[in-house]
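A.B. asks: One structure coming up, written as structure tokens, with questions to follow.
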Amino acid sequence: MSTPRRPRRTARLLAAFATLALVLAPAFADARPGGGISSGSRGSRSFSAPPATTTAPRQAQPMDRTLSQPSAPRPGVAGAAGPVSSGGFGRGLMGGIAGGLLGAGLFGMLSGSGFLGGLGSLAGMMGFLLQVALIGGAIFLVMRLLRRSAPRPAMAGGPSGSMPRSGMARMMEPGGGMRPAMGAGMGPSSVVEILPNDFEAFQRLLVEVNAAWSRRDAATLERIATHEMAEYFANDLRDLTARGWANQTRDVALEKGDLAEAWAEGRDEYATVAMRFSLIDVTTRIADGVVVEGDPAVRQTATELWTFVRRDGGEWRLSAIQQSS
């Protein structure tokens, strides 16, 4: 007796949707401000990794999203690395493999064959589930390889002779100011002295950015961040809303921080600060408030490099967020 085709087709559709969920879920594994990727601009040093610090001893990840353009190479100076494209499965050979796996698997599921086709009804159901696991696992591994294989720009310069004092609180002690790390020149620039009140501003902005993000307060984000960063935040918030999700980051506490480098370019002054902070990071469904990511009772820890910029000695604004490798 033949097996009804409708349940089998329904099972294939469910398996296909499950595969898509596995593929798309990592994109929002970090829904906090910045989305767990590197975004923004650091002036002429956007394609040069900040010097390592005690808070972030590893090289920072290159920019995934930036409006900056690589500087033209100068004689005797290594050229800056090109911008890193953020783009799904479209990164060279690995992207083709990932797209092929996804396309072949989904088409096979819907047509009744897939990678493990030709099985009976019960065995076929088990085959569908196994296909979901195989395809999802393969895509996950490919995406990890894509991130790891992204070109890492050469470091602008090694740490300075006197390592910065770690801990934002200690850096803000009277007389406890810190000498910036001395990076190699990337065009006309000069070292900028960062004072205790500047570090207080950086710590305050860490809290304010997260609070504005949680409120979806576009006006405040536009005021305390550059227009570029505010646009990235707005796009990320729209993507979350389109999924029916809302992200809340609260109780942000700076655990440790130190200066990577500070420099001037014309009227603009930049400061890149490594910060390790803890927070409550929870993503919920807008419709019913059900938690889809995170735990309201468990603090999470993140280490990021935030770059701030000010013009003519004005207020500092967030210019970039980079992930620590």
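Cβ atoms are placed via backbone N, Cα and C, with glycine included.
Marked as compositional bias 'Low complexity' by TrEMBL: 39-57, 70-83. Annotated domain 'Tim44-like' per TrEMBL: 184-323, in sequence order. Residues or ranges marked as region 'Disordered' in TrEMBL: 34-83. Taken from TrEMBL, the feature signal peptide applies to 1-29. Summarising the annotation, TrEMBL assigns transmembrane segment to 93-116, 128-146.
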A.B. asks: By DSSP, what is the split of the domain 'Tim44-like' (184-323) into helix, strand and coil residues?
C.D. replies: 43 helix, 64 strand, 33 coil
A.B. asks: Looking only at the compositional bias 'Low complexity' (39-57), how are its residues distributed among DSSP helix, strand and coil?
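C.D. replies: In the compositional bias 'Low complexity' (39-57), the DSSP-based counts are 0 helix, 5 strand, 14 coil.
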A.B. asks: Taking every residue in the domain 'Tim44-like' (184-323), what is their average pLDDT?
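C.D. replies: Within the domain 'Tim44-like' (184-323), the model's average pLDDT equals 96.
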